[in-house]
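To start, the structure under review is shown below, and the notes come after it.
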Amino acid sequence: MNIHVEGLVAIVIFYVLILIVGIWAAWKNKNSGVMEGVDRSETIMVGGRDIGLFVGAFTMTATWVGGGYINGTAENVYLPGYGLAWAQAPFGYALSLVLGGLFFAKPMRSRGYVTMLDPFQQMYGKRMGGLLFIPALMGEMFWSAAILSALGATLSVIIDININMSVIISALIAIFYTLVGGLYSVAYTDVVQLFFIFLGLWVSVPFALSNPAVSDIGVTAVKPFNANQTAWLGKIESADKWMWADNFCLLMLGGIPWQVYFQRVLSASSATYAQVLSFLAAFGCIIMAIPSVLIGAIGASTDWNQTTYGPIPPMQRDQSDMILPIVLQHLCPAYISFFGLGAVSAAVMSSADSSILSASSMFARNIYQLAFRQSASDREIVWVMRITIFVFGALATGMALLTGTVYGLWYLSSDLVYVIIFPQLLCVLFIRGTNTYGSVAGYIFGMILRIGGGEPYLKLPPFIYYPGWTIEEKVHHVTKEVEYLVMQRFPFKTASMLASFLSNVAFSYLFKYLFESGTFSAKYDFLDAVVAKHSAEIMDKTTLVNKNIIGLNEMTPVKPRLSVTLAATFTRKETLTEEEDSSPESPSHENE
């Protein structure tokens with residue numbers, strides 16, 4: 001194995017820089033929130049709620065602009081039969097940030113929540129909150145695993161080092177500075193990482209474009225480069241339009257209910273700032289995708305026989321997913337490809353650290369503290385967070401090393417976030433009267449309909465065949481293996497999400513009527529969701545903020561929420577109703 005020494009030195013310098021910035025951010029903000037009486041655990045989770053516009057915009061943008069984002073965009077543009085028309089992530093995620101800022105950032109930040117699961121536990125109880133933690137955790141964990149795997153493969157292409165070694169080292173660095181400084185370290189390192197992504201990719205593009213093996217991308221945009229390649233602008237066939245719309249809705253709406261997004265929203269110094277951060281990040285996502293699109297177009301316009309890569313193009317070697325590092329390696333000078341390598345490494349770490357912190361925050365607060373150890377001290381919660389950061393980081397690293405299934409698992413978990421959590425979030429924030437019975441029904445219906453459609457990435461056959469399904473033949477170029485896949489052209493993911501939403505509303509009102517009309521006796525309200533909720537002994541119906549602490553004036557910066565005991569945290573449902581009634585702008589929700 002010939003290790004490229006210059007590339008290895010560049011990576012070491014980059015990693016040391018990131019580590020120094022992460023430690024510096026932790027030291028600089030080590031006393032943040034102490035004078036205001038904010039718990040240390042909450043400071044780690046939401047950064048003392050004082051993240052400014054500059055750092056906040058960078059860290060929110062960097063959350064989405066990860067290894068999968070820049071590699072996947074280039075791959076879709078390059079792939080014959082797909083092209084730019086199917087590179088949906090930049091526009092889908094940008095619109096998800098716009099919608100999140102318009103409709104979700106304000107109510108979530110105004111009510112002073114600490115994690116995305118807080119409103120679910122507040123309205124549906126700790127048990128339902130724990131159930132919703134499962135798809136949320138799957139999304140964060142497999143997202144981290146997939147992008148760490150992408151990093152390992154990229155490093156192996158450019159500097160020819162062992163994939164496992166590169167994944168482990170990268171993960172350890174991200175875990176370490178996340179352990180030390182929490183959201184502060186993640187946010188400040190995101191600024192540096194986003195700079196590296198922007199500089200590294202844009203520096204590489206002119207050199208790749210000027211390579212003699214590359215044809216004019218303006219011509220190949222509409223005219224195929226050769227018989228094996230199609231125009232990189234791509235097109236949407238009439239038979240695929242519903243499948244395209246289904247995937248776009250998954251990105252646009254499914255990009256909202258993620259803890260990595262709401263962790264930034266809840267760390268903003270005011271509800272208005274949280275909205276502005278979302279809009280700035282949407283713009284940033286579009287800008288950061290441009291070099292990836294150009295690199296994908298370059299890959300589709302290259303005569304690989306004139307390069308050191310060889311005559312067989314990446315697609316015929318089943319390496320389309322690595323088109324970005326391949327372009328950097330074989331179409332750019334060595335010293336330029338190392339700049340691009342730094343960009344890919346930065347993209348991966350900027351997303352991996354966020355997902356690890358998000359998963360550990362939800363577990364420490366919503367599972368360990370609110371569900372099991374209600375009397376846990378702040379110091380205890382901090383240690384639980386640190387342990388889970390390490391554990392979840394190790395799990396994500398282990399999954400990344402098991403290449404071949406990671407991308408499929410991430411794909412399915414992303415679907416579950418869209419199908420399960422998004423409709424639940426709509427109900428809990430904007431629909432009056434939904435309760436735990438409806439939440440459980442929506443969870444079950446959405447899960448069955450989504451999994452029933454099958455998942456080709458996991459080789460999971462469908463047991464529900466939606467209208468328009470077809471069988472397609474997939475040939476693996478390297479192994480010559482032929483695989484037959486069931487393609488669901490019906491927008492069943494969006495249909496599953498809508499079914500989950502409507503089931504939540506319908507069953508909530510059905511059980512509300514049955515119990516309140518006396519059709520069902522109160523003793524059968526075993527989820528304590530309708531009748532028994534008025535009992536003082538029930539702790540599931542909670543309000544996680546005190547109306548005397550968090551003001552709802554959207555134009556005034558919201559002060560950090562003071563530390564409260566669990567007795568104050570789990571207060572009567574009526575407190576929330578009074579708080580919401582005082583602010584007509586705040587979406588109300590009651591189980592009356």
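Placement of Cβ uses the backbone N, Cα and C atoms for every residue, glycine included.
Since this is a predicted model, take the numbers as computed values, not measurements.
Positions annotated as transmembrane segment by TrEMBL: 6-27, 51-70, 90-108, 129-159, 165-184, 191-209, 242-261, 273-302, 322-348, 383-410, 416-433, 440-458. Residues or ranges marked as region 'Disordered' by TrEMBL: 573-592.
Of the recorded ranges 90-108, 129-159, 165-184, 191-209, 440-458, the transmembrane segment (242-261) has the largest number of C-beta contacts under 8 angstroms with 90-108.
Using the rule of three or more Cβ pairs under 8 Å, pairs at least 6 apart in sequence, the transmembrane segment (129-159) is not in contact with the transmembrane segment (191-209). Contact counts against the transmembrane segment (191-209), taken as Cβ pairs under 8 Å, peak for 273-302 among the stretches 90-108, 165-184, 273-302, 440-458. Against the transmembrane segment (51-70), the recorded stretches 90-108, 165-184, 273-302, 440-458 differ in Cβ pairs under 8 Å, and the greatest number is found for 273-302. Between the transmembrane segment (273-302) and the stretches 90-108, 165-184, 440-458, the greatest number of Cβ pairs separated by less than 8 Å involves 90-108.
Through the fold, the transmembrane segment (90-108) approaches residues 60, 64, 69, 73, 116, 119, 248, 250-256, 261-262, 265-266, 268, 271-272, 274-279, 281-283, 285-286, 289, 293, 425, 429, 554, 585-587 of its own chain, all at least 6 residues removed from its boundaries and within a Cβ separation under 8 Å.
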